[in-house]
Amino acid sequence: MTRITIGPFNRVEGDLEVRLDVESGRVMRAEVTAPLYRGFEQILEGRPPLDALALAPRICGICSVSQSVAAAAALREAMAIEAAPNGLLATNIAHAAENAADHLTHFYIFFMPDFAREAYASHGWHAATRERFAATRGSAARDALPARARLLETMGIIAGKWPHSLAFQPGGTTRAIDLGERVRLLSITTAFRSFLERIVFADSLENVLTIASADELDRWRDGRGGDFAHFLRLADSLALSALGRGTGLMMSYGAYHGSDGELFPRGLFGPRAATEPLPLTQITEDVSHAWMRESSVDPAHSSTVPDPDKPAAYSWCKAPRLSGQSIEVGAIARQTVAGQALIADLVSVSGTNVRNRVIARLIETARIALAMEQWTRALRLSEPFCHNSRDIPNGSYVGLVEAARGSLGHWMAVRDGRIERYQIIAPTTWNFSPRDSFDVGGPLEQALVGTDVGDAGARAVAIQHIVRSFDPCMVCTAH
Amino acid sequence: MGTATETFYSVIRRQGITRRSFHKFCSLTATSLGLGPLAAGRIANALETKPRVPVIWMHGLECTCCSESFIRSAHPLVKDAVLSMISLDYDDTIMAAAGHQAEAILDETRAKHKGQYILAVEGNPPLNEGGMFCIDGGKPFVEKLKLMAEDAMAIIAWGACASWGCVQAAKPNPTQATPIDKVITNKPIIKVPGCPPIAEVMTGVVTFITTFGKLPELDRQGRPKMFYSQRIHDKCYRRPHFDAGQFVEEWDDEAARKGYCLYKMGCKGPTTYNACSTVRWNGGVSFPIQSGHGCIGCSEDGFWDKGSFYDRLTTIKQFGIEKNADQIGMAAAGAVGAAVAAHAAVTAVKRLASKREDVDHNS
């Protein structure tokens, strides 16, 4: 048995280290370390509750709208108000822009460049892949970065500035959109659709979303241009559907709230391979392997106090569990729970794995691009964008949203106009969690076990694919 | 990685950028740096002939918002600035290498460009527990920072974290997050504060340094004067409403729809030095005040511990040209409030005075 350490990782958001025990070229055990901690939960304690709206987004420069929206949702529950329908729509548009931008960044900047590595030089697709996706040199970044920047002008119109926007409030958004701005929003969403249809899919979004099964996907792919089909061919050639298998347990808090429910519903994709109601009260956090002092396991009652000398600990990340189980979150979980036909079929055939996680992100991107157009048209410009309240009574509140990378929850306790406790469980806290007190690893730790690294050891590209397939956001993870 | 003799121009030409785009980039950069039209030629000449200045970009304790802002800079050539000009010889987030290969590149760059490279630092080092709150490659980030700073020509402190500490240094500062000028004391440091800084400010600073091989003129706090010499308030498009005493009282109220001043909603524009109200954000589209929310002063030292971001200055009476100057109330609600109230009163008095003069002239 040899122990290898991989890290620091590049092309992931934040710092990450992975340790693997390898025997006969196969991973027997994995430990995932989040080596960065700042203490946002400690910093938030004692401050006025509304200040969470300015502080929480600063947890992450990539998912900052998600953090804002989660804090606003917790405060909305505290104020016991309904958000203005326009405010929900405007929030959804901005949040969708951030999430779609994240999915694009993941595909073009973080994930695909690994296939341009020399390790794959013998494959027929390598030359084209290197020309298109090589890190910092490939032609794809020159298509994707401007498209992404243009999409994020949405933030300028709705949120003033991004990252770290301030427009998202418990009762809606701070500013009404006027007619001219709606036209600009529509032109942004149209440009984004055009980028997806020309560059990513080489097909109309409506057509892409009619693909309902693994077989149909294979037929659709054959002979098609575009970066998605390119990925599908390469994924088959490398059997990426057999790499980084998850346990199959997934959840979603429900994404993009509207006056009549969510675009992607809340639920648990459970052990019976079907969607069930999500037992929110069963969410706990275990600190047996985190450099954290013991506290309540209930996020509504726990506090965060570092304990850097703790034996047996190896990460700043706590281990969240649902009914004692480690759970995978992200686009694949959202789309499976939502019953998206293609993703549900792929998961029923091969479970969660490197290929399916990537497919789920791109299919979701197509879905939210269409939703953005509808939300923009649905704005009623003369009606309010924000309902106001300043009343925040004592109590415990929770804000649950879906960030690009999965389920994000803020648990906030208020006493006498001040934050008494604040707990955050971010998507990568779930996916990259350390072991719990039963020695059960988090989703990535489990997905790495059994991976064949051959003689390559720490240089094995397979490890890079598996780690990046989760699109980790390490700064959110331990915050 | 490029070689030391490569110029910016040769790199971008190899990437298929036209000469016309290049010149456009030079004139826009000259304008944004406030250097006047003649400087465009000097910039072009420097970028064509001088060896590219290597930039090493490091991440400490941070949230990556500075990188995020930077890669979305509006100028079409800026992506190439990211991808080639400064080349990010070592950048944790977007470069191709991984693990110890990346560490080796860092050592190599340091040795090869000793005394010539710019060290761009995003985030800051936490000093508690021997630096254990930010471990990078098995070592505390503070050690890597000191090592790389030793052979750097100068250091760019990106954002509020590297410049001042930012929200991670907010009370009780659990990790003792520390601005880099408290750790590196023997190198020139240029502070580019903001959470994050504006993309065009970041690319402007990088272009200036790589073009002229020196830091731009700095103010006493170490910030580039060209971007940080005016308050948000000085150039705010809502300023006339401030002077007129017309204020938003609640998000999206009638006053908000009319674009009134956000001072009463906690806006810190009057005490914040930054270019948001002129350069604006996300491709010049908007900035926080334009989205209907006050400025929180994120480029100012200590903005995170100066009371609530939403403190309403309710004790200030209405003032403006509709009222007699004698009726203008001044009340202190914290240091900011006092300063702003005094400033507002002075503005209003001036307006009144000039109005009276007009009246006198006309009568």
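The backbone N, Cα and C atoms fix where each Cβ goes, and this holds for glycine too.
Unlike curated entries, TrEMBL annotations are predicted automatically.
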From candidates A:His95, A:His387, A:His465, A:His479, TrEMBL puts in the same Mg(2+) site as A:Glu41, A:Ile424 the residue A:His479
For A:Glu41 (Mg(2+) binding site) and A:Cys476 (Fe cation binding site), determine the Cα separation and express it in whole Å. 12
For A:Cys476 (Fe cation binding site), what is the secondary structure by DSSP, using just helix, strand and coil? helix
Checking the contact step here: among the binding-site residues A:Ile424, A:Cys476, A:His479, which have a Cα within 10 Å of the Cα of A:Cys63 (Ni(2+) binding site)? A:Cys476
Between A:Cys476 (Fe cation binding site) and A:Cys60 (Ni(2+) binding site), what is the CA-CA distance rounded to a whole number of Å? 6
Please report the distance from the Cα of A:Cys473 (Ni(2+) binding site) to the Cα of A:His479 (Mg(2+) binding site), rounded to the nearest angstrom. 10
Go through A:Cys60, A:Cys63, A:Ile424, A:Cys473, A:Cys476, the listed binding-site residues, and name the one with the sparsest Cβ surroundings, counting other Cβ atoms within 10 Å. A:Ile424
By a three-class reduction of DSSP, A:Cys60 (Ni(2+) binding site) is assigned coil
